[in-house]
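Residues or ranges marked as domain 'Major facilitator superfamily (MFS) profile' in TrEMBL: 15-441. Look at TrEMBL and you will find 12-36, 56-76, 88-106, 112-141, 153-176, 188-208, 256-281, 301-319, 326-345, 351-376, 388-410, 416-436 tagged as transmembrane segment.
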Amino acid sequence: MPNVERLLSPQHLQLILLIGLCAGVVFFDFAVFIYLTDALSAAFFKTADTAATYNAQLFGLFAAGYIARPVGGVLFGRLGDSKGRRTALTQSLLIATICTFIIAILPNHTQIGILAPILLVVARLGQGVALGGVMPAAWVFICEHLPIKNIGFGCSVVSAMCVLSLLILAGVASSLNDSLSFVQMTSWGWRVLFLIGGIISLVAYFLARQTKETPIFRTQNDADFQNNSAQMGVINLNDSRRSTHEKRYAMFSQRLGLGITFAFLLSWVMASLFMFIPILLAPLIDANFILSGTIVRFGSLISMLFMVISAVIFGYLVDRFNAGRILVFGGLFLILQSVLFFYQLRADSELMLIFFALLGCAGGMVGALPSVMVRLFPTRFRMTGLGIAYNSAYAIVGGVLPFALGFATFHFSFTPALYLACVGLLCVFVSFYIYYMPRTAHDLKR
C-alpha cells in the first residue's frame, strides 16, 4: 500500500533524484536572469540615459518572473488537483523549457528594436508561471509517492537540488564572465546559459513523462467525494439543505483558510532563505562592507554548499522528530548565526569562511519546510492551496526584498541580520501550530 512501507526502495530514490532534477533545472533557468542582468539589459534595452531609467529596467526585468508565479500556482494547482500531479508537473516543465529556448534565440534590441524587450519580458513571465507550477507539483508528487516516514527527506533532496543548481549556475556564470569580454557576453555569451538550461529541461521533461501518477491522487480521484469529505470530520456534508456548491465552498474555506495562512508564513521563511543566501548575500557584502572580493565569492559558494548538505539533514530530522521542534531549533539557530555572521563581518574577522559555512547550515532549514507545507492541505485541494501560499510569498519576497534590503542596508549595515532574525522568529512562531499537526499515512490521504 502507498505511504505505508517504512523503507525507501531504489525506485523511490530514483524518483527523488528525478523530481529534484526537474525542480533544480527550472530553478536554474529562472535564476539565469539574476547572474546576467547587465548583459541582458545591454542586449535588450536601449542604453539608459540615467541611473533611474537603468534601475527601472533592472527592476522590471527582475520582478516580472516573480509577479507571474502566483498565476502559475493557481493554474497548475487547479490542474494538479483535477487532472493529476504528473500532468501538472510535466506541463509546467514543458512551458519552462519552451520559454527558456525562446529566450536563448531571441533577437536583440539592435535587430528588432522595441519588440526585443517586450518578447523577453513575455518569456520571463512564462518562466515565472512555469516555476509557480513546478515547485508545488514536485513536492506534492514526492510526498504522495513516498512512505510517510520519508517525505521530509524526499522533499529536502528536491530543495537541496534547487540550491545546488544555483551553486552550479554561479560557477558557470563566473567562468563565462572571466572567459569572455563584456561585448562578447552582450553579443552571444548570455545565450550559452539559457541553451544549457533549455537542453537539461528538455531531458527532464521526457524523463518526467515516464513517471506514474501518485497512488494517493488515484485513490482520491476514484473515491466518492461525499465519503471522502465526511471522513475529514470538519463539517457536516449530509445536510440536505446545502447545495453541492455550498458544501464544496464550506470545506474549501475551512480546510484551506488555516492551511494557506501557515503555508504562506513558512513559504515566506523559505523564500527569504533562498533569496538571501544564494543570491543576495554576496552583493550586499560587496556594497556595504569592506571584505576581499575573493573571500566574498568563495564564502558565498561555501555557504551554498553547506546549505545543500544541511537541507538534507533538516529533512531527515523532520522525519525522525516532531516537525514543530525542528522548526524551533532551526529558527533559533538562524537567529544566532545571522547575528554572529554580521557581527564578525563588521569586525573583519579572520574566521569569516567558517561563519559563511555556519550561515549556510542555518539556511538549510529550507529542507524541513516543504513536507510540512504539503501536510497542511487535504488531497483534493493540496496543489491549489500550496501553489497559492508558496507563490504568493515568493512573489512578494522575490520582487521586493532585493531592493528593499539593499536600500535599508546602505543606511544601516546590520539590517540583513535583523531581517534574518525576524525570519527565525517567524519560524518559531509557526512551530507552535505545527507541533500539534498529526503525521500519519491517513492524514496525508485525507
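Glycine too: its Cβ is placed from the backbone N, Cα and C atoms.
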Task: Spell out yes or no: are there three or more C-beta pairs under 8 angstroms between the transmembrane segment (416-436) and the transmembrane segment (326-345), with each pair 6 or more apart in sequence?
output: yes
- request: Quick one: find which recorded stretch in 12-36, 56-76, 188-208, 301-319, 326-345 has the most Cβ pairs under 8 Å with the transmembrane segment (153-176).
  value: 12-36
Statement: Same-chain residues at least 6 beyond the ends of the transmembrane segment (112-141) with CB under 8 Å of its CB atoms are 19-20, 22-23, 26-27, 29-30, 33, 40, 43-45, 60-61, 64-73, 75-77, 79-80, 85-86, 88-89, 91-93, 95-96, 98-100, 102-103, 106, 155, 158, 211, 214, 370-371, 373-374, 382-383, 386-387, 390-391
- prompt: When you scan the chain for residues with a C-beta under 8 Å from the transmembrane segment (388-410), skipping those not six or more beyond its ends, what do you find?
  reply: 59, 62-63, 65-67, 69-70, 72-74, 77, 132, 135-136, 259-261, 263-265, 267-268, 270-272, 275-276, 279-280, 283-284, 287-288, 373, 416, 419
Query: Same chain, outside the transmembrane segment (88-106) by at least 6, Cβ under 8 Å from its Cβ: which residues?
result: 19, 22, 26, 29-30, 44, 72, 76-77, 79-80, 116, 119-120, 123-124, 126-127, 129-134, 136-138, 141, 191, 194-195, 197-198, 201-202, 204-205, 208-209, 211, 383
- prompt: Under an 8 Å Cβ to Cβ limit, what residues of the same chain, 6 or more beyond the ends of the transmembrane segment (256-281), are close to it?
  reply: 31, 34, 159, 162-163, 166-167, 170, 300, 303-304, 307, 334, 359-360, 363, 365-366, 369-370, 372-373, 376-377, 381, 384-386, 388-394, 396-398, 401-402, 405-406, 416, 419-420, 423, 426-427, 429-430, 433-434
